[in-house]
Amino acid sequence: MPSYYPDSSAVLGAELLVEQLTPGAQGTEKDNPNVYVVGDVGFFKEITTAPGEASTDANKHNFKEFQGNLGMAECQYIIKHELDNLRAKDEAHVPGYPKMKLYPGKSVIRRMQSKGILVQVFPLHEKEELKRLSFSWFKKIKLSFQPLDDIRHYFGEGMALYFGFLEYFTLALIPMALIGIPYYLFDWEDYDKFTVFAGFNLVWCTVILELWKRLSASLAYGWGTLSRKKAFEEPRPGFHGVLGVNPVTGRAEPLYSNAKRQLRIYLVSVPFVLLCLYLSLYVMMIYFDMEGWALMIHDEEPTFWTGLLLFIPSIIYAVVIEIMNLIYRYAAEFLTGWENHRLESTFQNHLVLKVLVFNFFNCFASLFYIAFVMQDMVLLRQSLATLLITSQILNQIMEAFLPYWLQRRRNKKAHKRMIKTMEDKELPLSEQVKLEADMSTYLGTFDDYLELFLLFGYVSLFSCVYPLAAVLVVLNNVTEVYSDAFKMCKVFKRPFSEPAANIGVWQLAFEAMSVIAVVTNCALIGMSPQVKSYFPESETQLIMWVVGFEHFLLASKFILTFVIPDVPKHIQIKLSRLEFESLEALKKRVSLTD
């Protein structure tokens, strides 16, 4: 287990080199912290005479290349994995801190962080690599694809897939934007024609998600993560419980009753989410009261200023939505951690579900109410435009400009020195650690995917009444690429990398949004005067026609998911060949040992 070593360096049990940069210093922790650099001594690359064979300590002599063949992102993942899985066994307290008790099965690193012994853990930037990546990524404004392979090499597959999806989503929006511009210019007040745009919406949101799965499979295959399978997922660092024996691995680890977890979910988490949805609904009704008040003033004495007043309620409501989403985000993360899920994947699934339900309701409930209860297309167009533009501006401020401004305000001198160091000349390792320790912490791609999810919803659900929505999202995404790249390289600490074969649960979230988009656009088509004119006498026939058309489109959508394979044919062949060669090599080795 880790401790404060008196020597200049030591080796952890997992062969991780630990070097103390500032040993034995007196003074406050802030002024003179104990800083350790953890690195790899030597890891073995997955290259073998038997293709596809996993690298283990037992068969390490069969591997051709070793000692330093891992990429930077892979080394980070291994180090983070080892640190996260350091758990107390017989130790009663943290070495050097007799009053700091340790409990069997608890994460040592998490315990030290919660008690302030360990302030922060982060990987250092590689100055030369960062300089090259920055130059090819965001320092030159150019019309070209992002350097995804370089991003993957430096930040890992999870980060590279996010930027790959951001780029793909932006390119996929271009046909929608090109159709939306002339549609907006020539059919501004002709709402009978929005049925054509809604029909295009239905096809677009289905096809792009299916094609993305093929593209992500190609990227993951090239990076070697497509066929990566987790034989057994280790408990997440925050998981706690009574120490017991895992029946699968036979190892000692915390155990927690699933019945207790379910009680926490259904008796606390679910009521809390429902309460938040009710509060969101209450805020929405206040917004409609404000809209009615502004409209009344404008109708009494129309002027330029009263015309501007009509947009104020929507702007205020958009700001309130962002604030509520931010507060709920932290509450949902606390609740999900309190539920005490064993696996990180389960934790993320429950967190994503909580956040998506609230964000979807909070952002789109007012638009659904305007569209299908009030049936006011003019107000729907105005509200959609205001919510979309305001949320984009706030997101850009919160994600890039605010962290950068706070960083400069906290330590202008250190920040300038860091920028100069990263770009021009070398600094001692200890100085680099201190400078990067003051940078903001990147919290992962969760909020980035959530933003794209909401933008996808604005475009796919109601853009037929405001065709410029796709244009605005394209412009937002172009700036998002550069702002996200800038903040990853200059504003935030370097995050630990995570291997990934796809975008995970977010793929399911986007597909669920596309299903809702089918229902929404079919309902908008049924409400158009152009379609209503075909059913002048029977509203029941109109409803039955719309429902039947919607079911036909949903059936076609699900058929497409089976017709279009998730993995391209040539990659399927390569994977099958790899599996065949692995089996043949295994047979040959078994025959030689007999």
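Any Cβ shown, glycine's included, is placed from N, Cα and C.
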Correct range for transmembrane segment (source TrEMBL, candidates 62-84, 384-406): 384-406
The transmembrane segment (351-372) touching the transmembrane segment (265-288) per 3+ Cβ pairs under 8 Å rule: yes
Stretch with greatest number of CB pairs under 8 Å, the transmembrane segment (160-182) reference, 194-212, 308-330, 452-475, 542-564 candidates: 452-475
Contact call for the transmembrane segment (194-212) against the transmembrane segment (452-475), three or more Cβ pairs under 8 Å: yes
